Every structure is written in structure tokens, then in C-alpha cells.
Amino acid sequence: MNYVVDFFEGSKEQSDLLGGKGANLAEMTKLKLPVPTGFTITTEACLDYLKKKENMTNELNTEIQQHIHSMEERTNKKFGSAENPLLVSVRSGSKFSMPGMMDTILNLGLNDKTIHGLIKKTGDARFAYDCYRRLLQMFGDVVCGIDKDRFENQLNFYKTKKQYQSDTDMQAQDWQEIVAIYKDIFIEVTHQPFPQDPNEQLVLAVEAVFRSWNNRRAITYRRLHDISDSLGTAVNIQAMVFGNFGSESGTGVAFTRNPATGEKGIFGEFLLNAQGEDVVAGIRTPQPISKLELLMPEVYQEFLRLSHLLEYHYKDMQDIEFTIENRKLYLLQTRNGKRTAKSAFKVCIQLVEEGIISKQEAIQRISPTMITQLLHPVFEPDHLKHAEVFAKGLPASPGAACGTIYFTAERAKQASEKGEKVILIRQETSPEDIEGMVVSEAIVTSRGGMTSHAAVVARGMGVCCVAGCEEIYVDEFLEQATVGEVVLRQGDTISVDGTTGTIYRGSIPYVEGDEWQLLETITKWAKEEANIDVKANAETPTDIKTALKLGAEGIGLARTEHMFFGEKRLFEMRKMILAEETAALMDPLNKLKEFQKEDFHTMFTLLNGKACTIRLLDPPLHEFLPQTEVEINHLAKATQRTPAEIEHRMKELHEQNPMLGHRGCRLAVTTPQIYEMQVAAIIESAIEVAQKEQGITITPEIMIPLIGSQEEMQWLRERLNQTIQKIFTEKNQVISYKIGTMLEIPRACLTAEKIAEVADFFSFGTNDLTQLTYGFSRDDSGKFIGAYQNKKLLKADPFQHIDEEGVGALMKIAVDKIRAYDSSIKIGVCGEVGGDPQSIRFLKKIGVDYISCSPYRVPAAILTIAQEK
Ligand code: PEP
Ligand code: MG
């Protein structure tokens, strides 16, 4: 078994075996770039070592010796020689770069004998002792676990004693004394002297790298980033080049494009007379790379040439480490540079424009998370590290926001009118809170899941939201939120991260996400590749405009009950709900019709002929009932009834289980006038807008919610058709329209071929379908889903990611049944999972024709579809 590979034998494709760093060192060697010679001990060697209970085999040791030997031949130096010593660096390198693992040891091979060789060869004792003390420090830290501070403290103590300002004041003699002090530290801490034998140093260093694969920080990092434990790390052994060899030497790191903004051009920094870790350690301030052009123009030009070459070769922005030794440039590492979302978009677009990658490749490089980061604000990572977490909940709507907290919509609204940035905290929100929600920077609820009112509405508006923070006790009466001992009161400041679901105390600086043009370009390219449409769940003019701007092909779900928010409309809605007989129903219905027509006019005009699916009323009515005494009194006065009569009617309407009760199409079976009013408003508006805006054809798609049987659908369809025919006669005009239904009741899925006989189209309402398939209340599941996940009884929240096995199976049955009846019937998805990239992959597989999701999720959905093609 070969466990060691020379740089000139490997290639960039071998990152599994050689780790990312090793594979790229091999690739650069193959490209004949100035890479110090070396070899890689493979990840398989690491896994074997860990399996054998941490004992390096003789075979591996021999292989390493052989490769050291051939390095000696190539460099004309000798490992352990007192005349002309070969010194090496030892660096870890797994397939994915992993902070937290043991990283680097430099100058390995130095000892009390070889140091004289180094002095003789370089004529520089100061440099040589500086190298030796660095080896002691790094070796002590990563191999023997000696706290770095022990070394640092001694050095600082020494410098103070000598009244030196910085390391540059240290002379050869000083470093020599530091070496002696450091060697004493080894004995003090490990009761062993620093190993003088270079081969022993090497074996110990390699073993330490292997073992660091399993240190706690590395394991945690892998958990967080979903990296498999079974990969192992490689170890790179490379001949040393010295950036600390005087003023014509140095070391640095540079990106081929700006990793923060994506701007084209070399971006980086370097330090003269320094070794690698000096740049990172922050002891001295590095200089911008542009300064190198003044100091060593020919080295700078060479670096530019090589960085272009590497970028072109890897077809991506590179992050390059280099060292200059006596004006000679060496490359020590290259990799695709980590970057912000903005930079990622910009670099992709530039690379396509420069002809380096295709549009298809560009699309594959953008992730849905990057889109979220581009569209929504994010907290500054440096500040986040020190922030105090108050509570955690569900990441219901992404973004970052700070503000003062309020516990009622009314107070939030008042404060916002005074110019305050507010955050609304509620146990859960209801349609009544909408005016407070609209003005809030963020919304926090202690109850409810990913499809609760707060979550759905916030996502629709693009407002940051953390829902279902069960650990917060929200007392709306006392206006305080409590977690354990910590009590926050009205007016206190918090910061909400809707992307992670974390709430912090105090205010944290954030950066705005406003790079819409960059997104437009990528979305346009993605649309060229996408083979199913993405529509939006939207009903307000702002949401529709946002959806269209973000690439939606129309509206896949306009929830008409959302059009009844706001004081005046809600009031009419309440009058309608509480009406006891038809006569009392008609007045609020006519008023509501006017509101609806106003909205449909705007909607059709904005859509300019694009598809529009309007869902008829579907709320569990309790969501709209008056809640306070003031509201009851107000309603009583307006309807000439007593408050007691109103309360009595409310009692009559009370339901034990409203989500399974009098809602959706059942409302229309008992009170058909409601849907008739809505359909009249839709059709009249469509005719009027088409007349006004010559040239656009409007084909409204009317969607009936919560259908469970063919009979239900047929009965309603016939009634609605009659209403529509009456309008055509009155207006003396006919337009085309469709009447379809949602698939959100398991029975509807199982009998879909029958419903298909009377439905023009279908759309899966996966929120209710999940609720009814699992029997998990969508408003209460937050209380136990976390426990299910912790106990590994559930992989994911099924309201967030589609449950492929259960809900997904039902959906597949429905799709197959509908297609068998008529393959041309359009089937969409408009539940929340329609905006979840992971679920979209599955939905595509079962063959839906389009998906519909909140406006801000549209671009990521288009991208996912394009990537899956
Ligand atoms: C659904 O149930 O998935 C759906 C889209 O409807 P709503 O969320 O309005 O119940
Ligand atoms: Mg539903």
C-alpha cells in the first residue's frame, strides 16, 4: 500500500486522497510553478493510523524516510546535516479546509547541531536562532500541547527586561537565549527535552496531525458543516523556504479578486522579513500587496502572472499563499477563495463575461444560502461572536434586525410612527396584528411553527421572523418576555437573526442585503435553464411587485383572506362572520366585494397578463373574531346589537378544533354567498382591467381550498359557474377562466382522479396536507418537533422540508392519478415547502408543473430548479 505521494505524482482531482492543500500543491507542481518540493502523506494513512489505535507502522515510517531521501537529492541538502541541513514544514490538509485542526509546524529538522549548518549556509545567526525558537514554539504547542502563552510570556518578559520595543530589536544572542529558555519550558511541562533527532521530530509531528483529526474542535466543526468523520486528513511535508531571511524576503496571502466585494484585481497583504504565522498572528501590521510593486517590482509582476495563470487554470477566484526568499517567489498554497455572497455573485458574473466559465457553470456555483445573504441583511460576524444569546426559535423568515421590543401591534405602531425601530413580540400573531407587523423590523413569537400566521406573513413581506421560541415566556399583559432569570421589558433592545432563529440582547451591527442587480443576472440565466415555472404566493401590491422583480412567473397563490386585514376590512369581515341571517350578510359582503375588486384590479394590472391563481376564503374563522371588549363593543354598536348578543353569537361559532372545522370550502357549502361574492369580484375585475389595458388577456384561475371529495367540488363549481355566466350576460362579455382546487386533504389525494373530472387545475397545499397526514397541528407542533429531532425520531421539521416518505408518497399517488386521467392538467405546489430548495428537488422528481412560494424565496427556487436540470 502506498501511503505517500510526491507532489509531482498527484493532481487536483485527488483531494479525497491528498486533501485540498496536497492536491493543489501537486497540481501547481504539475504546472511547473515555483512550489518548494515535497510530498503528501495520504488521508488513507491517517485513517489507518487512527484505526490501529494510533501507532505509526514501520512501513509508513520507511516510506516517509524514502521520500525525505529523494527530497534531499532534489534539494542538495540533508535532513539532520550539521553542514547543509534540509528543513521542512509539516502541514495538515483535509479534503475541506477545517479550522480547529492542528495546522502548521515550520523549520522542522532544526536542532542544536543542524542550527550550525543553517548559520554556516546563510551566514546569519540571528535568522537561524529565530527559526529555531519558532520551531520550539510551534512544536511545543501542536505536538506536546504546551500552551502558546507560556512561550509568548517568556518572550515578552525578556523583551521588557532588555527594554526592546519589538521583535526586530532582538539580536542573534537574544534569540539564542530565548531558545534555551524555550527548551527549559519543554522539560518543565513534558519532563522530556525537546527531541533533537529530526526523524523523531517528523514522526511526532505527523502523528500529531493525524490525531488532530479527532480533537474536539475538529469534530465540532465537522458536525456544524456536515463533513464526514470518515475522510481523515493528509499531511504535507515540504522543503522550507524562508520569508524571514532579511529585508528582501517576506510572506503573504492574496486573493485574485476581492473576497468581500468581488472587485477584479489582486487583493491581499504581505509582511517583509516574516514567516507564515506572523501574518495571521497580528503581531505586526501587514502591508497591502500593492506596496510590493514598489519594493520588488519584478517579484510583483511575477506574482501577478502566476495568479492569473492559477485563476484561469482553476476557473475560479484563488486564495494564494506565497513566500519570497531573497527576491525569489514561491507558492505555498492555492485554493478557491472563500468569499461573501456579494463577491460570489460578482465573480461568477465576471467569469462568464470573461469567457472563463459558462452560464451553466455559474449557476451551479451559487447556493440558495448565498441568495438569502444577498437579499437580506446579515449581522457582522465579528460582533456576533461576542453577542449575548437571549433565546432560540425557528428560523421562520431570514434576515437580521435590531430594535426596541413591543408586545402589542398597537404600541409597535405608535412607536414606529415616532420613528423608532420596533420589534414585535407576541405569543402568536393573528390577522389583527398586521398593522404592527408591517412596521416592525422583526417579529418574534413564542408559539407556532414554520407555517404559523407570523411565519407565513413575515416571509411574504420579507420581514425577519423567529417563530415558536418556546423558551420565552411572553406576558403580553405585563409587557415582558422572560427566559430563566432574564426579563426583557417594553423598550428594551434586541437583535433578531431570522436566518438562524437566534435572538440576542442589545443591538448588533448588520450589513444590508441590497444587491438586486447581481441577483437579476443570475436569475435570468437560471430561468433559461429551469424547466418548471416558479410563481409567488402574494396578494398585496408590494408583495406582487417584489415577486415580479425577483423573477416570479405570476401568482400561484393569492390568499384572499389576507386581503381582509386592516381595520376597515376586518370590521366588515367580522360583521359578515357574525351575521345570523342572509339579510345581515349582504351588507358586509357588498362592502367586502368593493375591497376585493380594488385589490384584483391592482393585481391584474401589475401582472400584465401573467398567470394568477386566486384562492377563495379559507380561514378558520376564529382567526377573525373580535378579541377584546373594546372590539366587541364597537361591533355591537355598528350592528345595533348588544355586546351580550355578540358574545352569544361568538359562543355559537366557537369550535373545538377550528383547523378541522368550519373553514375552506365548507364555509361555501353552508354560506355560498361568500364565494359567489368573491368570484363575482374576480371576474368583473378581470373584464374591466382587460377592457382598460387593451391587449392583455386575463385568465383568472379560481382555486377552492380544502376540497376532500368530487361531490363537494362539483357542487361548488356548478354554483360558481352560474354566478360567472350571469356576469357574462350582464356585461355582455365572455372571458376564459379556470376553476381548480388545492390538494391539502389526504382524501383528495387518494381520490384525485375523480376530482380531476371536475377541476381544471390542482395545487398542493402542503401545509395542511402535512398537518393532516402527520396529524401534527401546524400551530402547535413547535412544542414537540424539537424533542422529536433531538431524540432522532424525526430528521427534519416536515413543515420546513417535505416528508418524502409520507406526505410525499400521497402527493405522488395524486400526481399519478391525475396524469392517468388527463396528462395536460396543471399541478402545482403552493405550501411553504415550495420555497425550500431541498423539497423542490423532490417535488420536481414527482413531476409537478410549477411551484409557488413567498416572493423572497423565488430566486432560490428558480436556481434550485435550474441546478437540478
Ligand atoms: C397549504 O395548506 O399548504 C396552503 C398553501 O394554504 P394555507 O397555508 O393558507 O392553509
Ligand atoms: Mg391550506
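Along the chain as shown, the residues are counted starting at 1.
Each Cβ is built from the backbone N, Cα and C atoms, and glycine gets one as well.
Here's what TrEMBL has on this protein:
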type	residues	note
ACT_SITE	H453	active site, tele-phosphohistidine intermediate
ACT_SITE	C830	active site, proton donor
BINDING	R559, R615, E744, G765, T766, N767, D768	substrate binding site
BINDING	E744, D768	Mg(2+) binding site
DOMAIN	16-289	domain 'Pyruvate phosphate dikinase AMP/ATP-binding'
DOMAIN	301-344	domain 'Pyruvate phosphate dikinase AMP/ATP-binding'
DOMAIN	420-501	domain 'PEP-utilising enzyme mobile'
DOMAIN	515-867	domain 'PEP-utilising enzyme C-terminal'
Revision key, fill the gap. For the domain 'PEP-utilising enzyme C-terminal' (515-867), out of 16-289, 301-344, 420-501, most C-beta pairs under 8 A are with 420-501
Revision key, fill the gap. Filtered by Cβ distance under 6 Å to ligand 1, the binding-site residues R615, G765, N767 reduce to G765, N767
Review point. By the DSSP assignment reduced to helix, strand and coil, which category contains G765 (substrate binding site)?
Key: coil
Point to revise | Listed recorded positions H453, R615, D768, filtered to Cα within 10 Å of C830 (active site, proton donor) | key: none
Point to revise | Rounded Cα-Cα span from G765 (substrate binding site) to H453 (active site, tele-phosphohistidine intermediate), Å | key: 15
Revision key, fill the gap. Within 10 angstroms of the C-beta of H453 (active site, tele-phosphohistidine intermediate), the count of other C-beta atoms across all shown chains comes to 22
Point to revise | Candidate with the highest Cβ count within 10 Å, taken from the binding-site residues R559, R615 | key: R615
**Study point:** the domain 'PEP-utilising enzyme mobile' (420-501): DSSP-derived helix, strand, coil residue counts
**Key:** 18 helix, 31 strand, 33 coil
Study note, to complete from the structure: Residues near N767 (substrate binding site) by Cβ (under 8 Å) yet at least 6 apart in sequence within the same chain, in sequence order, are T451, E744, R778, F799, G831, E832
Point to revise | the domain 'Pyruvate phosphate dikinase AMP/ATP-binding' (301-344), counted residue by residue under DSSP: helix, strand, coil | key: 18 helix, 17 strand, 9 coil
Check your understanding: Looking at the recorded positions H453, R615, T766, C830, which have a C-beta within less than 6 Å of some atom in ligand 2?
Key -> none
Review point. Given the recorded positions D768, C830, which one has the fewest other C-beta atoms within 10 angstroms of its C-beta?
Key: D768
Practice item. Please work out the mean pLDDT for the residues of the domain 'Pyruvate phosphate dikinase AMP/ATP-binding' (301-344). Key: 94
